[in-house]
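Per Swiss-Prot, the features are:
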BINDING   Cys8, Cys23, Cys26  Zn(2+) binding site
Amino acid sequence: MGYKCTRCKQKVEIDYEYTGIRCPYCGHRILVKERPTTIKRIKAE
């Protein structure tokens, strides 16, 4: 699952074995999870 940096807008892969979560490009700590591009269809009853 990919994340996106809120400062530089780069796609970031998270290494969960490393203790700190930061953008490797700019060092910013706020990352948002990218949403999937597919649309989920649910049938209404």
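Glycine is no exception: its Cβ is also placed from the backbone N, Cα and C atoms.
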By Cβ count within 10 Å, point out the most packed of the binding-site residues listed: Cys8, Cys23, Cys26.
Cys23
Conformational class of Cys26 (Zn(2+) binding site) under the three-state DSSP mapping:
coil
Environment of Cys8, Cys23, Cys26, the listed Zn(2+) site - residues of the same chain whose CB lies within 8 A of the CB centroid:
Cys5, Arg7, Gln10, Val12, Pro24, Tyr25, Gly27, His28
